Amino acid sequence: METLLGGLLAFGMAFAVVDACPKYCVCQNLSESLGTLCPSKGLLFVPPDIDRRTVELRLGGNFIIHISRQDFANMTGLVDLTLSRNTISHIQPFSFLDLESLRSLHLDSNRLPSLGEDTLRGLVNLQHLIVNNNQLGGIADEAFEDFLLTLEDLDLSYNNLHGLPWDSVRRMVNLHQLSLDHNLLDHIAEGTFADLQKLARLDLTSNRLQKLPPDPIFARSQASALTATPFAPPLSFSFGGNPLHCNCELLWLRRLERDDDLETCGSPGGLKGRYFWHVREEEFVCEPPLITQHTHKLLVLEGQAATLKCKAIGDPSPLIHWVAPDDRLVGNSSRTAVYDNGTLDIFITTSQDSGAFTCIAANAAGEATATVEVSIVQLPHLSNSTSRTAPPKSRLSDITGSSKTSRGGGGSGGGEPPKSPPERAVLVSEVTTTSALAKWSVSKSTPRVKMYQLQYNCSDDEVLIYRMIPASNKAFVVNNLVSGTGYDLCVLAMWDDTATTLTATNIVGCAQFFTKADYPQCQSMHSQILGGTMILVIGGIIVATLLVFIVILMVRYKVCNHEAPSKMAAAVSNVYSQTNGAQPPPPSSAPAGAPPQGPPKVVVRNELLDFTASLARASDSSSSSSLGSGEAAGLGRAPWRLPPSAPRPKPSLDRLMGAFASLDLKSQRKEELLDSRTPAGRGAGTSARGHHSDREPLLGPPAARARSLLPLPLEGKAKRSHSFDMGDFAAAAAGGVVPGGYSPPRRVSNIWTKRSLSVNGMLLPFEESDLVGARGTFGSSEWVMESTV
């Protein structure tokens, strides 16, 4: 019966254990330990129904994102926790607080960005911490505080760490393995590994280290180390893949005897890319520091901030220190700050800071110094003559305090009242909207003034403004004032008080003034209106000028059009038709029986065309023959020839037309001579010849002749038609003259006028002898150009 009850009890306990196992997990009951295995089950969170007596919990290969405090609460017996290969990005603080028995924690291959101070709190017995292949960018200084003395294996490889809590690492005295490879470490504090006597493996591969601190622990990494003990095993040290700066600071590492691990030099330029262990020891050199830039002199008002700069170069980069004038090393404090670039900031200067500050740049190769002179302008303090002592930390003299005290001091106590400042010691003139000129004067009994202090404030905001003025100046222009505002201005004189060895001050005088009012909007509007008015005026002037010019052109055009017809009409008033070669008789004829006068001589001046030499000779021969026939007919006159023409200017259209017109009138006079043989024609010819002169051009003055050749409107044209009379040409060709009368001329049709020939460039269909008659005497049947006057 007892055996049956024992079997039932064991079965019930096994059933209870199996029933407590989470879904998709495997629970193992191995003697006294209980294991819960849930690897790669696709879990999104830690199962809440895990047996709290679990000793080994494996949750790797899932999709857990968040770890909370309830996930591992009351698991005091948990020894091994695996959370590898998840997507954990956040661990709530104190989530492992109850895991006091945990020996191994695997958080590798997750997405942890950092480890806070309380992330790993409570793991007092932790020996193995594996946090590689995460996204760690920083680790808090107190993150490893609870297991510093128990930790044996720390793996932080394949992260983004720029630094570590090196003070915590220094205290991990039981650490056996430290993996820091494939990070962004660029500096290791000196003495970090001094107490890690049990360290057997140190991996610093693929970081940004340029140098390593000369620690004795690295001596155990030599290949010939025979002094290894269980408490001091040989060190496996790897530091390949770092840009080592091969100078004198790594000479100690080069002297170690160890196997070549393909470490290379990253700098300086002459050794870049060379294998570290192949570089000779004499090539590991350094350069002493050189100060390239520093502040020389600095003048600061007491109580204000001061900045001293000092820059130096060297190999390795030198460290810069500052020494105060009292030979005190300046460090970081509430009043001063020293930066890595060599700058010293003094936030509040005192009189003790006056003197020479020394900048010291030092490295492994030596040091260099530079001096900076600092002059402190001390704050003004009340003189002994004022019977007052200024507070130790008082600021510059206040207008409201100093001036009011001096005015009302006579009624307080029985002491002697202070002397009032002289009348009108300070004058303010040339006041504008934003500036004013202050002038002052001091008495001869005043001690030697070291400097003047000008104080002024605005009546609106009561902000006091100070200006320090050299003792040689007795005037100062105050700028940047507010328009239309009242100001209180005081001038103080400062000198050295020999009794107190401090700077004493006394009021020279005060004044009040108001700045002029300014109207920026109105002034802006006025300038805009003025600018627009100027544009309109200039535009109006341009338009008016154009209109006047157009009106002048139109008036001139109209006057020319009205004057031209009248002048042209006057020029053609004596024009008559010569269709038949006869001239109408004038109103009064010559008396009968008067001897016939010779034809008037027509003087062809420079208006004639300059024909070719051949045409001129032909014209002369034709003229001689024509005059010879005239003498045979009983004219009784000598042959009439044109005088030789003077050199003429270049012909133009005006001269061409004038020449043709002169030839036309000359032909008419020749016909009158021929007609004068008859009794009727002789009287008419005598009357006609009495109106012309051989000295006057037939077409009038040149000006009138030029105007007569201008084109006229169609309604004002005087038309005159001419034709060829071939009778005389035929007679001349036969060599005689028909006696006893005048044969009617024969008309020739379809003949081009001379103007048409001159315009169209065509030649007349006649012989050259017919054309040269224009230069000699003309018969009654000679052709005349058709012209429009």
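Easy rule for this one: first residue shown is 1, then count along the chain.
Cβ coordinates come from backbone N, Cα and C, glycine included.
Copied over from Swiss-Prot, here are the features:
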{"type": "COMPBIAS", "residues": "407-416", "note": "compositional bias 'Gly residues'"}
{"type": "DISULFID", "residues": "Cys310-Cys359", "note": "disulfide bond"}
{"type": "DOMAIN", "residues": "21-52", "note": "domain 'LRRNT'"}
{"type": "DOMAIN", "residues": "289-375", "note": "domain 'Ig-like'"}
{"type": "CARBOHYD", "residues": "Asn29", "note": "N-linked glycosylation site"}
{"type": "CARBOHYD", "residues": "Asn332", "note": "N-linked glycosylation site"}
{"type": "CARBOHYD", "residues": "Asn341", "note": "N-linked glycosylation site"}
{"type": "CARBOHYD", "residues": "Asn384", "note": "N-linked glycosylation site"}
{"type": "REPEAT", "residues": "53-74", "note": "repeat 'LRR 1'"}
{"type": "REPEAT", "residues": "77-98", "note": "repeat 'LRR 2'"}
{"type": "TOPO_DOM", "residues": "21-534", "note": "topological domain 'Extracellular'"}
{"type": "TOPO_DOM", "residues": "556-789", "note": "topological domain 'Cytoplasmic'"}
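For Cys310 (disulfide bond), the spatially nearest entry among the glycosylation sites Asn29, Asn332, Asn341 is Asn341, judged by CA separation. Within the model, the repeat 'LRR 2' (77-98) shows a mean pLDDT value of 94, rounded to a whole number.
Among the recorded positions listed (Asn332, Asn341, Cys359), Asn332 has its Cα nearest to the Cα of Asn29 (N-linked glycosylation site).
Look at Cys359 (disulfide bond): DSSP puts it in a strand. Using a Cβ-Cβ cut-off under 8 Å and counting only residues 6 or more beyond its ends in the same chain, the domain 'LRRNT' (21-52) has close neighbours at 14, 58-68, 70-75, 82. The distance from the Cα of Cys359 (disulfide bond) to the Cα of Asn341 (N-linked glycosylation site) comes to 12 Å. The DSSP secondary structure for Asn29 (N-linked glycosylation site) is strand.
Counting in whole angstrom, Asn341 (N-linked glycosylation site) lies 14 from Asn332 (N-linked glycosylation site) by their C-alpha atoms. Residue counts of the repeat 'LRR 1' (53-74) by helix, strand and coil are 0 helix, 5 strand, 17 coil (DSSP-based). Same-chain residues at least 6 positions away in sequence with a Cβ under 8 Å from that of Asn332 (N-linked glycosylation site) are, in sequence order, Val338.
For the repeat 'LRR 2' (77-98), the DSSP-based tally of helix, strand and coil residues reads 0 helix, 5 strand, 17 coil.
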